[in-house]
Amino acid sequence: MGRETLALGWAVAATLMLQALAMAEHSPRTPHSKASVFADLSAQELKAVQSFLWSRKELRLEPSRASTIAKNSVFLLEMLLPKKQQVLKFLDNGQRRPVREARAVVFFGAQEHPNITEFAVGPLPQPYYLRELPPRPGHRASWASRPISSVEYVLLNHALQEATKPLHQFFLDTTGFSFHNCQLRCLTFTDVAPRGLASGERRTWFILQRYVEGYFLHPTGLELLVDHSSTNAQDWTVEQVWYNGKFYQSPEELARKYKNGEVDVVVLEDPLPKGKGAESMKDPPLFSSYKPRGDFPSPITGHGPRLVQPQGPGYKLEGNTVLYGGWSFSFRLRSSTGLQVLNVHFGGERIAYEVSVQEAVALYGGHTPAGMQTKYIDVGWGLGTVTHELAPGIDCPDIATFLDALHYYDADDPIRYPRALCLFEMPTGVPLRRHFNSNFDSGFNFYAGLKGQVLVLRTTSTVYNYDYIWDFIFYPNGVMEAKMHATGYVHATFYTPEGLRHGTRLHTHLIGNMHTHLVHYRVDLDVAGTKNSFQTLRMKLENITNPWSPTHHLVQPTLEQTRYPRERQAAFHFRRTLPKYLLFTSPKKNPWGHKRSYRLQIHSMADQVLPPGWQEERAVTWAR
Ligand SMILES: [Cu+2]
């Protein structure tokens, strides 16, 4: 079992490759009926859990839509994966099926001491018990650090509109946009996290933006710090204001100083054509839109290449299980964390119990308070649930199989996300293997080539401005790859000259701040059984007397193997050279006496972004 950290710059893909050095023996694959042990909860199951929870009057549940923070409500329901040992006994030894349970996260806001509690609810399909899932000692989730619900956003929006009333004229003069009676020229906001400077706080910096297409790129220069820790929204207050490089105590102070001509004002150019609320077809597109503009010297016309599969797909989909060549695996789209592949077999043998996305974070630097404060930890923003519809021909080839997902998150019913996942086979554009055997006389003895084709399982997470594309890729030779593309919009703040120390100017009033994306995968390999060990191979040079010419010396590479008996020894620190070959190894040997292994290949530019142990860093210790 291992955990790996990948980090990457903007729009650079990281890959994790598990490469087979194993020889497989054939054994029957897991039947579809058994693989359902890994399946996400169905709509019926989610509803059964929901009505069971509502039947427990002592929970005093209210709908999550009820317009208050001071309520008890179900925030999240998802399948609770049984313990691995139980699942393996069921899959491999014919023991009884593990009890099917749901994980329920309940916000208890209507208590004297509001808290978040997690429960296991079972047994499905007709639950009759509820068991508290205790947090790891010292790891109880703090009420203040809970994710923001849609109701809290509505309340925050209202609070911001109220608090900035004194700035109405200031907004109109400097941006042409406002919060009041705005119709088409409205302001909006982006909130950043962490929400405070110490555990237990809930104080958020808000970036005010003009609400046009790509509003992430239209900061107005104003940022507000709001304390919204109280469960009563009436108690929320604006604590500080930042405008164009200067701090103010309150919106009132900024408004007063503006009136007195004491504010260094930046009047923004109008992003929309004069006199119009929205764009028309004739006007040049907004710089923040995805509409192509300008001309290439050789315009690319037509639709471009497309995939066809005249004989239908090469894979088979049975429920939540995929069969493809030597591969079989199950998958789920876990609402909290995202895409997981489970019970991965190649050549009839299990090679991984689980390979799954666990977390994605983005840590920023910047000159504005929101810029310097931003450290997004994306599971707290619904990483697994923001799996919006994939567009055929763009997000996935049009021949892909598209699958819906269900999420029960910050809602009072399961919500169907159409086309949340796609599955497709595609050519890699390069042969898997090839050889041209020349006869060295302008001809050849033979040519051999194997088509490069892979199977891709894909989903996306749109975490506000970012879109992560998550791929699990299966190669015909036993290689499996986990890959993330980061795209969408950058998280940007208002341009100040000092901001250039932390980023790049992207437009007149815009800085793209430097940041690091770190992605956490859980990789639980089982290579020829679960008794795996970890070892590495490096190249070591030896300098020997040449045996066939003793007057000469010869330098050549040798293989140096290192074993790591303890898991901690296999945790490699950043800024130290990683051994070239990382091997998960079984005690079982192949016919030639080599231990059967899978190689882990990490393509990452990850680095230590925060000092180990530093405040928020303790929330992402996997990134050390
Ligand atoms: Cu980025």
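Glycine too: its Cβ is placed from the backbone N, Cα and C atoms.
Just so you know, TrEMBL annotations are computer predictions that nobody has curated.
Straight from TrEMBL, the features:
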ACT_SITE  ASP378  active site, proton acceptor
ACT_SITE  TYR466  active site, schiff-base intermediate with substrate
DOMAIN    44-129  domain 'Copper amine oxidase N2-terminal'
DOMAIN    146-246  domain 'Copper amine oxidase N3-terminal'
DOMAIN    306-624  domain 'Copper amine oxidase catalytic'
MOD_RES   TYR466  2',4',5'-topaquinone
SIGNAL    1-24  signal peptide
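Under DSSP, ASP378 (active site, proton acceptor) is assigned to a helix (H, G or I) in the three-state scheme. In the three-state DSSP scheme, the residue listed as 'active site, schiff-base intermediate with substrate' is classed as strand. A Cα-Cα distance of 10 Å separates TYR466 (active site, schiff-base intermediate with substrate) from ASP378 (active site, proton acceptor). Around the Cβ of TYR466 (active site, schiff-base intermediate with substrate), the number of neighbouring Cβ atoms within 10 Å comes to 23.
Note: the domain 'Copper amine oxidase N3-terminal' (146-246) comprises 31 helix, 32 strand, 38 coil (DSSP; helix = H, G, I, strand = E, B). Summarising the environment of the residue listed as 'active site, proton acceptor', the number of other Cβ atoms within 10 Å of its Cβ, over all protein chains shown, is 24.
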